[in-house]
Every structure is written in C-alpha cells, then in structure tokens.
Amino acid sequence: MSDLRISEAFLYMDYLCFRALCCKGPPPARPEYDLVCIGLTGSGKTSLLSKLCSESPDSVVSTTGFSIKAVPFQNAILNVKELGGADNIRKYWSRYYQGSQGVIFVLDSASSEDDLETARNELHSALQHPQLCTLPFLILANHQDKPAARSVQEPKFRLEEGKQMAKSSAWLLHSTRTLLWEKVLPLNF
C-alpha cells in the first residue's frame, strides 16, 4: 500500500472514531402536532401562519378552500390546516377536523356585531363537534391594533353568553395584533 492510501485510511478511521465518540447520530425527530385553524374571512388566519413561517406579509392572500403549512419550532413542528372562512366554505370545515390534536380559532375583535355573532356561533359549533370537543382551543382575538377593536374581555363575554363553553375542552382566549404576531404564541415546545 502506498503512503497516500495509508494516510487516507487513518484519516477515515479518525473520522469514524470522532463520529462514534462525539456524535451520537442524527438529532432526535421533533414531535409533530396536527392543528386546524378556523375563523371567519378576514380574521387573520393566513397572516398568522405566514408570520409563523417567516413568509413575507406582502404575499398574503385570503385562503379559499384550505391550505396546510408546517410551522417549525425548536422542539416541535405544527402541521396546521387553515380552513377558509367564507360562508360557502364553512359548511365543509368538519371534513378537515379528523386527526386534529388542537384548534386555533381566530376572531376579528374589530368586526361588526353581526360578524361577532356569526363567529360565536361557529366557535360553539366547533366546540361541540365530536372530533374537536375534547381538544384544546386557542382563541385569538385578533386586530387589537384597530380603533374599533373590542378589549379581550368583551369578546370573552360575548363568546360565553347564551351558550356555555364546552366543559370538556381546554380553551384560552388571547389578544393579538396582526402586525405583531411574535407576541401571539410564546410557545416553547
């Protein structure tokens, strides 16, 4: 064997020893969670997901139908199905609930009284759906930066009035601003 071949063999053995001693193989896979993101048209669902995926806010277009995004965090990946919020699409939401492990409901806190009532009805419908009723809900009162925005207490009161929030679901109402989504989810998975 030539000296060059012997040198290459030693380098390769050094590499293997280094890998065996210092590297314990590939990092463990991050757990993945399947979520569904729902809310009326214009509530900010697409903006939320675009911000979380570090996409340009200039490219945000309202979702017709549905879209799926993988949102990476340090210790987990959220696979989010965003469902369009138009009247003609909401009737199909339940077809996309299967396999979900959590729900994000985005509410426009600056919306009209009629839209707030519609959002409340859709939220209650989702909370009572057999595939969602036991899942955690994150309810985001978005557009807090708009002049017409209601305080987070008013949507909470309006969401609870008339119908009791599902007892089996864990839910959290949080205020957000479209332009400041980094305040939204201080999630450290």
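Easy rule for this one: first residue shown is 1, then count along the chain.
Here the Cβ of each residue, glycine as well, is placed from N, Cα and C on the backbone.
Note: TrEMBL annotation is automatic and uncurated.
Keep in mind that this is a model prediction, so the values were computed, not measured.
Feature list (source: TrEMBL):
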- GLY39, LEU40, THR41, GLY42, SER43, GLY44, LYS45, THR46, GLY85, ASN142, HIS143, GLN144, ASP145: GTP binding site (BINDING)
- THR46, THR63: Mg(2+) binding site (BINDING)
Alpha-carbon spacing, ASP145 (GTP binding site) to THR63 (Mg(2+) binding site), which is rounded to whole Å:
22
Go through SER43, THR63, our binding-site residues, and report the one whose Cβ sees the most other Cβ atoms within 10 Å.
SER43
Binding residues GLY39, LEU40, THR41, GLY42, SER43, GLY44, LYS45, THR46, GLY85, ASN142, HIS143, GLN144, ASP145 (GTP) - maximum C-alpha distance in whole Å:
21
Can you tell me the CA-to-CA distance separating SER43 (GTP binding site) and THR63 (Mg(2+) binding site), as a whole number of Å?
11
Rounded to the nearest Å, what's the C-alpha distance separating LYS45 (GTP binding site) and THR63 (Mg(2+) binding site)? Just drop the number here, would you?
9
Sparsest-packed of the listed binding-site residues (THR41, THR46) - C-beta count within 10 angstroms:
THR41
Rounded to the nearest angstrom, how far is the Cα of THR46 (Mg(2+) binding site) from the Cα of GLY39 (GTP binding site)?
10
Between THR63 (Mg(2+) binding site) and HIS143 (GTP binding site), the C-alpha gap once rounded to whole angstrom:
18
GLY85 (GTP binding site) and THR46 (Mg(2+) binding site), distance between Cα atoms, whole Å:
11
Those residues of the chain, 6+ apart, with a Cβ under 8 Å from that of GLY85 (GTP binding site):
ILE38, GLY39, LEU40, THR41, GLY42, SER43, LYS45, THR63
